[in-house]
Amino acid sequence: MEPTTQTDPMTVTPKHELENGAAVAANDEEHPSKKQRLESISITEQEVSDGAPKRIKGVAPIKAEFLVQKSARSQPVEESALSLSADDAAEAAHYQEREGDQKGKKKASGQNKGRDFGRSEDAKGLCPSRAFSPEFSPKECKFGEKCRFEHDVRTYLKEHKREDLTTFGGICPIWDAKGRCPYGFKCRLVGSHMTERDTSDGRKELILLEDEERKKKARPVVPYASEDGLVNIVSNEDKIAVARRKTTTPRSDVYLAWLDKMSKALEKNLHGRHLEEGGADEGARAQTNDQVEENRAAYVEPPFLPSEKRRIYFGPETPTLAPLTTQGNLPFRRLCIDYGCQFTYSEMAMGMSLIQGQKSEWALMKAHESEALPPTISSTADVVQGYDNSKDFKFGAQIAGNKPWHAIKATELLSRLTPNLRVIDLNCGCPIDQVFREGAGSALLDHPSKLEKMLRGMNAVSEMIPITVKIRTGTRDNSPNATKLIERLVLGGHESGILNIGPPGVAAVTLHGRSRQQRYTKMADWSYIAECAALIKRLNEKKDDVTDTVREPDERMLPNGGKVFFLGNGDCYSHYDYDDHINNAGVDAVMVGRGAIIKPWVFEEIQAGQYLDKSATERLAMIEKYAKYGLDTWGSDEHGVGTTRRFMLEWLSFTYRYVPIGLLEYLPPHIQDRPPAWRGRNELETLLGSPNYKDWIKITEMFLGPAHKDFKFEPKHKSNAYEPQG
């Protein structure tokens with residue numbers, strides 16, 4: 001990619017919508033990616049000339065020459081409505097809405113529920129004892145003749161394994177990058193790292209090849225990464241020990257015992273539940289106060305107070321990828337890192353599932369070594385005292401829970417088994433009904449006391465890992481409570497003031513500018529985010545202006561030397577949005593969610609400070625890179641190819657929403673806008689914008705070959721599953 005002239009994205013914030021004056025190819029020739037700043041003219045709707053249509057709210061303003069009059073595409077409003085559950089699912093796709101629980105409400109009949117992805121397996125598998133050994137010197141199979149897998153390598157390759165893929169130039173991308181393929185003869189591109197050699201008895205033996213030079217270049221860049229370049233890998237022995245309750249959580253046990261005693265004492269002291277209805281005598285009150293003091297004395301300080309934890313930093317130059325369920329998988333995060341994303345998070349993991357040792361939940365903690373590197377920050381960044389960039393990471397974990405002990409014990413296990421985490425974030429924003437009904441996610445917004453207990457306990461057991469929290473404006477549209485909640489998160493609630501135990505010690509707060517009720521039906525409320533940013537700034541700089549000296553936090557209990565970072569989240573879709581939020585909302589950084597799924601190069605735009613009109617060829621190369629990362633993560637055997645195809649299709653169900661900016665009449669683009677039927681500047685661009693899931697499968701086959709006969713894919717929405725019409 002040719003170099004881009006770097007422009008400080010914080011210098012100018014456009015105040016008006018702009019008419020897109022970019023030159024656009026009107027024929028079918030490929031439109032090159034624009035690396036120069038798109039020339040734009042500030043106008044108002046009244047100043048529109050030359051018959052250009054006015055911008056209609058909710059509809060992408062596509063230039064007339066790219067509009068298609070008749071198409072099987074869904075209309076903008078319909079497509080917008082049906083895409084809402086997909087956006088919700090990006091926050092918690094593992095917890096689908098339960099049927100029959102929506103009493104008095106209209107069912108979302110456009111959704112495909114209980115989707116089946118079929119299977120992608122060999123007709124008969126190759127025995128593991130043969131998968132990596134030379135043909136004539138295999139390892140011993142412990143099952144012998146009773147083994148249900150194939151033992152003859154040539155028979156397996158000829159009869160049970162599908163033919164090799166011809167994509168990627170016929171070369172296995174894992175072997176090409178690392179000099180060895182961990183899938184041996186089962187690899188769908190095994191021909192690139194397999195050969196025959198002559199033996200002393202005149203036979204020809206199949207063997208696997210390794211490239212020492214490639215292996216040397218592929219050595220991990222961080223010392224604690226695995227041979228495959230992964231960090232935070234939890235061994236099977238550790239997961240089994242957790243599942244069988246053989247792994248103890250001593251810090252959590254001590255803290256939870258103290259919390260239980262403290263809660264009972266506070267309940268008596270604050271609510272007088274130990275008193276009879278006739279009133280209370282002074283002796284009883286004094287006894288209760290003595291009990292509170294006794295609990296204070298019994299409290300054992302955690303090994304690391306918040307002020308003793310690793311310092312972190314968020315700034316304008318650190319755009320952050322939001323935690324995304326399903327979409328936020330490891331290959332996608334790697335892709336975003338390549339485009340300039342500075343911080344990533346795991347998919348949301350349920351605390352109880354981690355405590356139970358569920359393999360699928362612990363697998364979410366795996367990160368690529370590129371996520372274990374320090375973030376790139378400005379040399380003039382206003383970092384907090386004690387911040388050491390060389391000890392910082394890009395990857396953090398997000399967990400959810402409905403009880404304090406779930407979150408606290410899960411945090412202690414994470415800090416012990418996956419120490420290479422930047423932060424552990426508590427999800428208080430997930431809107432999915434099942435998560436909400438269980439009391440987790442956004443349900444915690446209505447229970448601030450419980451939330452504070454969870455965060456305080458997480459801080460007590462997380463060792464050096466800072467604790468952060470992600471919230472919404474509230475659970476209902478007409479009653480936002482984020483300002484009150486933020487004050488509690490920074491200063492501590494009334495109970496903490498009585499016990500004189502300081503604030504809960506969160507290092508950062510992220511606010512999604514929507515309520516739980518709102519979901520994605522309206523634009524994020526950045527004016528409210530700005531109000532909360534101003535509040536946090538006041539709390540950080542002038543705590544004595546908003547509280548009395550009795551509630552002034554103990555300096556020992558403050559994370560980051562007393563600074564709580566604040567991130568805004570919602571509808572960031574371009575460098576224009578990012579700059580506007582940094583300059584006008586006053587947030588430290590912006591967390592990008594759907595905007596990054598639809599166009600991962602939004603991080604590159606933020607870094608360059610300009611729109612980038614990616615050509616269809618460049619976007620296809622991006623999808624190819626995702627395919628390579630997918631095979632590296634899930635495997636290059638039949639099962640791994642099928643898994644990569646499934647997650648690529650899930651991703652393409654978002655990327656098709658992208659309308660190239662060269663086709664737009666006005667800038668900036670809005671993430672909520674849905675386009676009328678349109679055609680691209682060439683056939684490939686049109687294909688990439690197709691809402692038909694069969695076209696998405698066609699795109700995956702460009703890199704992963706024809707789908708397995710048993711593979712299935714049902715799009716999230718029935719509106720995407722139509723037959724092409726002539």
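Glycine too: its Cβ is placed from the backbone N, Cα and C atoms.
Listed in Swiss-Prot:
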- 1-10: compositional bias 'Polar residues' (COMPBIAS)
- 1-55: region 'Disordered' (REGION)
- 28-38: compositional bias 'Basic and acidic residues' (COMPBIAS)
- 68-124: region 'Disordered' (REGION)
- 78-87: compositional bias 'Low complexity' (COMPBIAS)
- 94-103: compositional bias 'Basic and acidic residues' (COMPBIAS)
- 113-124: compositional bias 'Basic and acidic residues' (COMPBIAS)
- 121-154: zinc finger (ZN_FING)
- 171-196: zinc finger (ZN_FING)
- Pro323, Leu324, Thr325, Gln398, Lys470, His512, Asn569, Gly570, Asp571, Gly593, Arg594: FMN binding site (BINDING)
- Cys430: active site, proton donor (ACT_SITE)
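Panel annotation: around the zinc finger (121-154), residues 160-162, 183-186, 199, 203, 205-208, 637-639, 642, 708, 710 of the same chain, lying at least six beyond its termini, place a Cβ under 8 Å from a Cβ of the stretch. In three-state terms derived from DSSP, Asp571 (FMN binding site) belongs to neither a helical nor a strand segment and is classed as coil.
Proximity of Asn569 (FMN binding site) to non-local residues of its own chain (separation of 6 or more, Cβ distance below 8 Å) is seen for Ala322, Lys470, Thr510, Leu511, His512, Gly513, Ala524, Val590, Met591, Val592, Gly593, given in sequence order. Across the zinc finger (121-154), the model assigns an average pLDDT of 94. Within the set Pro323, Leu324, Thr325, Gln398, Lys470, His512, Asn569, Gly570, Asp571, Gly593, Arg594 that the record links to FMN, no two Cα atoms are more than 21 Å apart, and one pair reaches that distance.
In this structure, the C-alpha atom of Arg594 (FMN binding site) lies 14 angstrom from that of Cys430 (active site, proton donor). Thr325 (FMN binding site) has a Cβ environment of 23 other Cβ atoms inside 10 Å. Geometry remark: Asp571 (FMN binding site) versus Cys430 (active site, proton donor), CA distance 16 Å.
Distance from the CA of the residue listed as 'active site, proton donor' to the CA of Pro323 (FMN binding site) is 11 Å.
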